[in-house]
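Chemist: One structure follows; several queries about it will come next.
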There are 2 protein chains.
Amino acid sequence: MPMTLEAVRELDRWDPLATFKARFALPDGEIYLDGNSLGAQPLASREAVVSTLDQWRDELIKGWNQGWFDAPERLGNLMAPLIGAGQGEVIVTDNITLNLFKLLGYITESQGRQRPVILSEGGNFPTDGYIAQGLCRFAGYEHRVLPEGAALVDYLDDRVAAVVLSQVHYRTGRLRDMAATTQLVHEHGAEIVWDLAHSAGALPVDLHDCGVRYAVGCTYKYLNGGPGAPAFLYVHRDHQAGGWQPLSGWHGHAAPFAFDGDYAPASGITRFRSGTHSALIYAPLEASLRLWQEVDMAALREKSLKMTELFRDCLADLLEAHGIGDITPPPAERGSQVALIVREHGYAIVQALIARGVIGDYREPGLMRFGFTPLYLSYEDVWQAARHFREVVERREYLAPRFQERAEVT
Amino acid sequence: MPMTLEAVRELDRWDPLATFKARFALPDGEIYLDGNSLGAQPLASREAVVSTLDQWRDELIKGWNQGWFDAPERLGNLMAPLIGAGQGEVIVTDNITLNLFKLLGYITESQGRQRPVILSEGGNFPTDGYIAQGLCRFAGYEHRVLPEGAALVDYLDDRVAAVVLSQVHYRTGRLRDMAATTQLVHEHGAEIVWDLAHSAGALPVDLHDCGVRYAVGCTYKYLNGGPGAPAFLYVHRDHQAGGWQPLSGWHGHAAPFAFDGDYAPASGITRFRSGTHSALIYAPLEASLRLWQEVDMAALREKSLKMTELFRDCLADLLEAHGIGDITPPPAERGSQVALIVREHGYAIVQALIARGVIGDYREPGLMRFGFTPLYLSYEDVWQAARHFREVVERREYLAPRFQERAEVT
């Protein structure tokens, strides 16, 4: 290990984000490097859920007038500063899959359906492509795929209505140039919907600064909103009056309690709401987003990059000696994860690490992912995780039969 | 009041469902007649949520393999016996609005898009019509409206792909003949999607017996799943292999963890899942559905009708004297609510009742709704609620300025 434990502890002593760790409920004896799949639990989130249970019990239907009904907009406004959006430009609702359907439908209608192609990204997290396929099949559009690694410009023409891309890739952790890509797409007369699943809460995001008009993202990864917490949807204020989104439910109506026979979209971001939402799931996320208001995003980015570098440095010689590839992009193009590729035993290595209390995840084919969440990980956690990784590989612990058996992993 | 308090208490002594009331957390000093909007909280639901919070804290990502991922199917199987469906025919997911979109898209694709019309019901709860409008607008179909009170047969022709109707009407509480209506629609070569929002948990429902192929419903009303608890979606087992549903997300994929580039629908009811769901919201609903497994639905129906009759009998002379209309249908055509119509002051009367701890709701224009939930209401509750109603009207309490001010009510 290139750095001593003492030197690493010195980093922790000077870490400006160190106090956040005490505000999370973390399982004993674990080093959790899977916050890019499901974030840890803020202490305040637990209290918020219990308080919402009290509200359900005591207020019953009146609860809807006491913060439940407008939770999508209220939490959207808490999300806004974390992604460089303005007030009234974000709602928290449904999930990424459904929000993509709404935005793609909205964009094509706003364009008068002059362009029949939706372009999504090969090798991206599959639900983005699946919902684009479903939408195209249903609306009679053409689904085009940008192969992984191909140049976007070669796939843009005047038939492309909209492009869906992830700012940070779920496998490699590669960070795209959002400003340049957005400009390129707009120059071709198309729109782009950014998926911020692996960037919101992982690094500073500035949608306005990058000229972004449409984005979605999830809150259960880096933002610690709870398992399957609702997603967010962003539409730039100048692009909110384009038409209908196709999932036109009563909560997106201009006057939901007038019980009109005809749908009329609400003004502003509210038109992107659909049907009735669960009040309960907003409680833990709201508590987490309030904690996030205190976070200095520049400090977060600095710590994130120092942690990923520390992990890589601790393992560089080992990876080379054992033929394990490190496909983590260089710092300027990196999200907040380390991505390692093995020809075999990748699943078993991750299982052997889990048995030691180091939680990463495995994604076919051959990918070991380790997410680094600056709010609740210390530098010492990272160093210890690297030590465990070294021991698992050097001692070939992964060859134990119990680690080779496959179970479904999300 | 035509019945003495003593006689009413005698009814409670012989009520076979009386013990269920102690299994709910009910606010002190309230008589809650709004379980048709939001059901009360089962004690076990509270414990289940806290236990899921523990699971998030302690198991983190592993929770998805410990019951979270398959919750839609598991809870669907708990729903099945309550609505006369079989195992593998129901999932619990998303909300009614989104589930209607899936089913209408699925049905039209299964029919080869030969029929361009979706028929929905005027005067029904508006989200069903709104989502039908959105779907038609997006897919280029025609949205046709069945006016309230019109004969369905006059609106069926060989252009109608699908009909959306509610089994119990949200305003009047009128119960449709599901078997005869389903048969009529099928005879015209169309499909029908039943909305069971006001019937599931309110009365015995037998989808198989009525020949129903498609249905949706909500779980936060009579089924007590919590505010905005996820909806259910039913597809008869013989009609589950028809094609894609348009909201094709990764949880509805045949192999969600293979991360294939192309969407392929899962077999069976799972194809009606879409994107990632919140694990937290399944916890209270599962606890409630387990309680429901103990309920004798025939006894539930008997008590429901006796309660609505008791309320109406207690108020008959008063309503007549004050020109308040009782549009509650006769018992055989009744859900589990009483519907009263006033020309003016309806909102204020409901507010004055709420101030006395009797919770009903008001729906424009002029409708006072009172829902009767046999699991946590006693006959004495009903009698006392009627007494309060009588006093509010006879003493003109509703004329107080504080009851006349309007606030948004869900």
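One-based numbering along the chain as shown.
From the backbone N, Cα and C atoms, a Cβ is placed for every residue, glycine too.
Note: TrEMBL annotation is automatic and uncurated.
Here's the feature list from TrEMBL:
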- B:Ile96, B:Thr97, B:Phe125, B:Pro126, B:Thr127, B:Asp128, B:Asp195, B:His198, B:Tyr220, B:Trp250, B:Thr276: pyridoxal 5'-phosphate binding site (BINDING)
- B:Lys221: N6-(pyridoxal phosphate)lysine (MOD_RES)
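Quick one: how deep are these features, and who are their neighbours?
Modeler: Counting only same-chain residues six or more apart in sequence, the Cβ atoms lying under 8 angstroms from the Cβ of B:Ile96 (pyridoxal 5'-phosphate binding site) belong to B:Thr127, B:Asp128, B:Asp195, B:Ala197, B:Val216, B:Gly217, B:Cys218, B:Ala231.
Here B:Lys221 (N6-(pyridoxal phosphate)lysine) comes close to B:Gly35, B:Asn36, B:Ser37, B:Leu38, B:Gly39, B:Ala197, B:His198, B:Gly201, B:Ala202, B:Gly371: these same-chain residues lie at least six apart in sequence, with C-beta atoms under 8 angstroms from its C-beta.
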Chemist: Drop a 10 Å sphere on every Cβ of the binding-site residues B:Phe125, B:Asp195, B:Thr276 and tell me which sphere holds the fewest other Cβ atoms.
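Modeler: Fewest other Cβ atoms within 10 Å, among the binding-site residues B:Phe125, B:Asp195, B:Thr276, is found for B:Phe125.
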Chemist: Just to confirm: which same-chain residues, 6+ apart in sequence, have a Cβ under 8 Å from the Cβ of B:Tyr220 (pyridoxal 5'-phosphate binding site)?
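Modeler: Long-range Cβ contacts: B:Leu38, B:Gly39, B:Gly226, B:Pro227, B:Gly228, B:Ala229.
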Chemist: Would you kindly determine which recorded positions in the set B:Thr127, B:Asp195, B:Lys221 have their Cβ under 8 angstroms from any Cβ of chain A, listing them in sequence order or replying 'none'?
Modeler: B:Thr127
Chemist: What span in Å does the pyridoxal 5'-phosphate site cover, taken as the longest CA to CA distance among B:Ile96, B:Thr97, B:Phe125, B:Pro126, B:Thr127, B:Asp128, B:Asp195, B:His198, B:Tyr220, B:Trp250, B:Thr276?
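Modeler: This binding site's residues have a maximal Cα-Cα distance of 31 Å.
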Chemist: According to DSSP, collapsed to three classes, what secondary structure does B:Ile96 (pyridoxal 5'-phosphate binding site) have?
Modeler: helix
